[in-house]
Amino acid sequence: MDAKRVESVSARVDAAAVSSPDSVEDELELSAVRHRPEGLEQLEAQTRFSRKELQILYRGFKNECPSGVVNEETFKDIYAQFFPQGDASTYAHFLFNAFDTDHNGSVSFEDFVMGLSILLRGTIQEKLNWAFNLYDINKDGYITKEEMLDIMKAIYDMMGKCTYPVLREETPRQHVEVFFQKMDKNKDGVVTIDEFIDCCQNDENIMRSMHLFENVL
């Protein structure tokens, strides 16, 4: 999702929270959401969403995923609707793994709102931590050049005809070579979270070019 779409999601949540009345039914359902019986109060404490906003988000999530969880194939189908001009399946796979924090093959409503809270209202540090987790495909605490290239290729595939001028096939690799050289400060062949955050915070061009925030949703 691009920056405007992220802002649109945030605006819709804010607007709906103002116009929508509290729903006892939603609150009761939220209290029974799979995995975390604490429900609404617990989610309100753990995210930057209000009670009313959580109710709005839950209605939308429930409409798409009546069971209360979404598997990867359903996630890909939903995500593909946002990028009809390209192939979003590979990026959606990586994104699903980033949302699936307990790595059980499904994303619950709790997983979804915890991630969304960071992406829409988190601090720069929180967003960069989340982005690092996205790029760290095998979750070993490091980003390799191959992992960065896989993500970058997936982003270009997803954007499809939206990229102008049309990108040459070698463009993602060229960008990764530049980014990785800047990030891997000690030249050990991997990027740590400290190197990643330090480089992004001090190089606005890298942050923008890597689509850290523009395309995370």
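Counting starts with 1 at the first residue shown.
Including glycine, each Cβ sits where the backbone N, Cα and C put it.
Over in TrEMBL, the protein carries these features:
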DOMAIN    87-122  domain 'EF-hand'
DOMAIN    123-158  domain 'EF-hand'
DOMAIN    171-206  domain 'EF-hand'
Positions whose Cβ lies under 8 angstroms from the domain 'EF-hand' (171-206), at least six residues beyond its ends = 124-125, 128-129, 131-132, 135, 141-145, 148-149, 152-153, 155-156, 212
What are the DSSP helix, strand and coil residue counts for the domain 'EF-hand' (87-122)?
-> 24 helix, 3 strand, 9 coil
Residue counts (helix, strand, coil, in that order) that DSSP gives for the domain 'EF-hand' (171-206) | 26 helix, 2 strand, 8 coil
Taking DSSP states H, G and I as helix and E and B as strand, how many residues of the domain 'EF-hand' (123-158) are helix, strand and coil?
-> 26 helix, 2 strand, 8 coil
Which value does the mean pLDDT take for the domain 'EF-hand' (123-158) in this predicted structure?
-> 93
